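Since the structure comes first, as structure tokens, the remarks are kept for the end.
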Amino acid sequence: MITNLLLKSAGLLPVTTNISTWWNFGSMLMVCLAIQIATGFFLAMHYTANITLAFSSIVHIVRDVPYGWLMQNLHAIGASMFFACIYIHVARGLYYGSYMYKKTWSSGIMILLTLMATAFFGYVLPWGQMSFLAATVITNLLTTIPYLGTFLTTWLSGGFAINDPTLTRFFALHLILPSMVTALSSIHIMLLHETGSSNPLGTNPNIDKTQFHPYHTYKDLLMLSILILILLSITSFIPDILNDPENFSKANPLVTPQHIKPEWYFLFAYSISRSIPNKLGGAFALAMSIMILFSLPLTHTSNLRTMTFRPTAQYLFWTLITTFLLLTWTATKPVEIPFTTVSQGASLMYFSFFIMLPLPGLMENKTSKPN
């Protein structure tokens, strides 16, 4: 009865007629979350949160557990698909002015922050070489927090160094945070249904609407089919393409690779952090690389909502996308010239976008006034 009620309410939901394919990523993210929770549940049955057994338990899952290789690869590749979808979702919201729905936008950024924390804790669990070093570096950044830094680092690590209690804590957090992501997603959807969705033209969405089913259902199903096809293709043929070779070795505190490289979806923030030759400054820049998204509703100055009819703002937007890709690339390189210089310049350009974004709006408003 409840399911029928939900399906009926979703099917009859009034939706703007002119939303494009870029609006499909919300439903794709819901499917990604469901896949991650389902595969994570089966993996947790066989995983052992112990520094001497964690790496071996992953090997056991892949080699001995029936379809364990599929669960492990779906979970790992699914995380990458999840972040690819959420970054596109955020970029769409940025381009089409969805951030003007302040509550919906803020809840979305909270989901992104929680998701990044979940992914970080999950990356540590295999206890490979890169997992161990990532845990060491990131937990050490907490020491930069005034007054509470040392206490928080000791509490999260479960001691004065990364050890068995750290892995147990990370496993517990990795299990509980998806529930928080699900709860925040529910709030995000409720707020979205309260305000309605934006549209490519930035016009009043209440002027022209149609019911969600069947017009938008089939459009969503097409994109979901493409998503699942890509996910299964990568899982079946090139499952290790996104994995770091260092992480195929068991963690050894006495061995340090040439440079530390997290998963690709953290690389842009990591590049910003390491471009500043100061621990406190790097930690602050790392946090601000995401937190600065909260400022967008406050700095919107244009009379037009979207960037569809704003060429100058479009130029800034695509500069931001290029900067994001450049930061991702530089983070894969060693900390040496010229890569450090490029990452510093790209970091400056990244934050400059948010400072300069109000300027085109002010110029447009001035030039569009009637004589």
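Glycine is no exception: its Cβ is also placed from the backbone N, Cα and C atoms.
Owing to the predicted nature of the structure, the values given are computational and were not obtained by experimental measurement.
Sequence annotations record features per position, and here Swiss-Prot assigns heme b b562 binding site to HIS75, HIS174 based on similarity to another entry. As annotated by Swiss-Prot, heme b b566 binding site applies to HIS89, HIS188, with the evidence given as similarity to another entry. Under the heading ubiquinone binding site, Swiss-Prot lists HIS193. Residues or ranges marked as transmembrane segment by Swiss-Prot: 25-45, 69-90, 105-125, 170-190, 218-238, 280-300, 312-332, 339-358.
Structure with Swiss-Prot features highlighted.
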| residue | record | DSSP (3 states) |
| --- | --- | --- |
| HIS75 | heme b b562 binding site | helix |
| HIS89 | heme b b566 binding site | helix |
| HIS174 | heme b b562 binding site | helix |
| HIS188 | heme b b566 binding site | helix |
| HIS193 | ubiquinone binding site | helix |
Other C-beta atoms that fall within 10 angstroms of the C-beta of HIS188 (heme b b566 binding site) = 20
By a simple count, how many Cβ atoms lie within 10 Å of the Cβ of the residue listed as 'ubiquinone binding site', its own Cβ left out?
-> 14
Looking at the transmembrane segment (105-125) and the transmembrane segment (218-238), are there 3+ C-beta pairs under 8 A, with each pair at least 6 apart in sequence?
-> no
Among the binding-site residues listed here (HIS89, HIS188, HIS193), which has the Cα closest to the Cα of HIS174 (heme b b562 binding site)?
-> HIS188
Result, the transmembrane segment (339-358) in contact with the transmembrane segment (25-45) (3+ CB pairs under 8 Å) | no
What is the separation, in Å, between the Cα atoms of HIS75 (heme b b562 binding site) and HIS188 (heme b b566 binding site)?
-> 24
With the cut-off at Cβ under 8 Å and a gap of six or more residues from its ends, the chain residues touching the transmembrane segment (69-90) are 22, 25-26, 28-29, 32-33, 35-36, 39-40, 42-43, 58, 61-63, 108, 111-112, 115, 119, 122, 227, 230-231, 234-235, 239, 242-243, 263-265, 293
What number of additional C-beta atoms lies within 10 angstroms of the C-beta atom of HIS75 (heme b b562 binding site)?
-> 20
Counting across all protein chains, other CB atoms within 10 angstroms of the CB of HIS174 (heme b b562 binding site) number 22
Cα distance (Å, whole number) from HIS193 (ubiquinone binding site) to HIS89 (heme b b566 binding site) | 17
Cβ neighbour count (10 Å, all chains) around HIS89 (heme b b566 binding site) is 21
